Amino acid sequence: MKPTELKDAVDKRRTFAIISHPDAGKTTITEQMLLYGGVIREAGTVKGKKSGHFAKSDWMEIEKKRGISVTSSVMQFDFEGKRVNILDTPGHEDFSEDTYRTLMAVDAAVMVIDSAKGIEEQTKKLFKVCKMRGIPIFTFMNKLDRDGREPLDLITELEELLNIEGYPMNWPIGMGKGLKGLYDIANQRVELYHPYNGKTYLPLNPETGEVEGDNPLADDSIYQQTLDDVQLLMEAGNKFDPEKIAHGDQTPIFFGSALTNFGVKTFLQSFLKMAPAPEAHKNEVDDHEIEPTNPEFSGFVFKIQANMNPNHRDRIAFVRICSGEFDKGMDVTLHRTGKQMRLNNSTEFMADSREQVSTAVAGDIIGLYDTGNFQIGDSIYSGKQDAELPPLPQFTPEVFVRVSPKNVMKQKSYHKGIQQLVQEGAVQLYTMYNSGDYVLGAVGQLQFEVFQFRMLNEYNSEVVMTPIGHRVARWVDPEQLDPNMSSSRNLLVKDIHGDPMFLFENDFALRWFTGKYPDVKLTAKL
Ligand code: GDP
């Protein structure tokens, strides 16, 4: 690709993650977007009918959920001159680590909220993860075809609970059975729920803010009320601020109904205009910025997923391309080992099929078949300049179990399974300082359940997990470490890099320790 072609291709990319509390409508809106992109022809393709609710935290459900969010975890389509990459994220808080890593690979996020429910617990947690990343966040208030909460109420709640400014891009005219349309502030038009004389959009008069010409809503009291609301908003509400939006300090809010495909196109169009194209990434090696249009290829692995397709039993490393162009068969260097490798097996993810990708550029996500070369966070690059992209932050685990194989004769599959699942980032692995026994750490209990299930199903290894409960994990400076400092209240373990850390029984044990050894430096991750 010529430099100008690469630049054009990069400028077209819009790569974002979509987050929501389970059942808010993430799948439905994703499907509508895929329909616009011509990737699927019929709604209902992405996910089969659900037989239950994920929030019940039944691990069988996780597997079902995994079936969907995995095969469709990266989707790509073209729309109005843009190439869009959507990354799905797991809804459950126990997988927030996974969500965070996915957020590292995107340039913006879309948050879907059920307008009848408002900000739910899970939205709060996912949002927090999103906010840490400092990328633009766009909000879609869904299910307007149902009676929901007052829009102003929803925005106030969003601002208070999430500590972000809201800026409504449009405003509902009615809701539920009384839904008439959207007063589209950004596009200066009214979008009708039921088209009138074949028209869906009615332009506004910029002076009066009223519909110009023939208006089916002219005598509608809800429409009149909307005009008043919008006027109040414009006078007293937040001012539209692109700078704040760019940093995730203000969120543009769109109303609509994914199920009835109302407001989705408007959302998609505005979103694609406002969301940033891929930006530069810092090279940790020399602190220089790697521009996305740099002709040398670079990228990092943000997710590794094993056995996505039970018929294939393969393992895929997901790479976010940060610069240059990917060509099938190209040679790259793996920064961690300095080893050269040839990338000749890649796969691109579509909603219902996998197709071989031949070319992809900065902003795109590629899936590479992996035979155990990659770890989460690995950087790869072409050319001579060594590149290390910013590391993926690690969460400090909060729950821990001791783990051992049920059948000691099956050590081989046990070790293989643990090693691979840990490389995937499914759980964190620690070894007891003295005995060498394995301890697993996770952000949420469900991660262990998935681990146990997958060990059995994918590696034929039955594992015994003995809870050691919630613990407070802190890394300790190896220079200051004396193994005699450990006790049952503060277990001494090594992390996967061999760095020592204490697992304290609780905050009390931590305080006791810092009181006893005031000079010993303890650190936490995210
Ligand atoms: P997810 O768990 O966030 O992916 O949510 P889904 O997209 O699976 O939607 C959960 C449920 O809400 C499904 O039964 C959808 O049909 C329904 N749903 C999604 N969007 C809307 C909407 O705009 N209006 C209504 N009435 N239902 C919706």
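Glycine is treated like the rest: Cβ placed from N, Cα and C.
Just so it is clear, the model here is predicted, and its values are computed rather than measured.
Features as listed in TrEMBL:
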BINDING   20-27, 88-92, 142-145  GTP binding site
DOMAIN    11-279  domain 'Tr-type G'
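DSSP assigns SER20 (GTP binding site) to a strand in the three-state reduction. A Cβ distance below 6 Å to any atom of ligand 1 is met, among the binding-site residues SER20, THR89, HIS92, LEU144, by SER20. Counted within 10 Å of its Cβ, the other Cβ atoms near LEU144 (GTP binding site) come to 27, all protein chains included. The Cβ of LYS26 (GTP binding site) has 24 other Cβ atoms within 10 Å, all protein chains considered. Around the Cβ of HIS92 (GTP binding site), a 10 Å sphere holds 23 further Cβ atoms from the protein chains shown. DSSP assigns LYS26 (GTP binding site) to a helical segment in the three-state reduction. Mean predicted confidence for the domain 'Tr-type G' (11-279): the pLDDT average there is 86.
Cβ neighbours within 10 Å of THR89 (GTP binding site), excluding its own Cβ and spanning all shown chains: 25. Most buried of the binding-site residues SER20, ASP23, judged by other Cβ atoms within 10 Å, is SER20.
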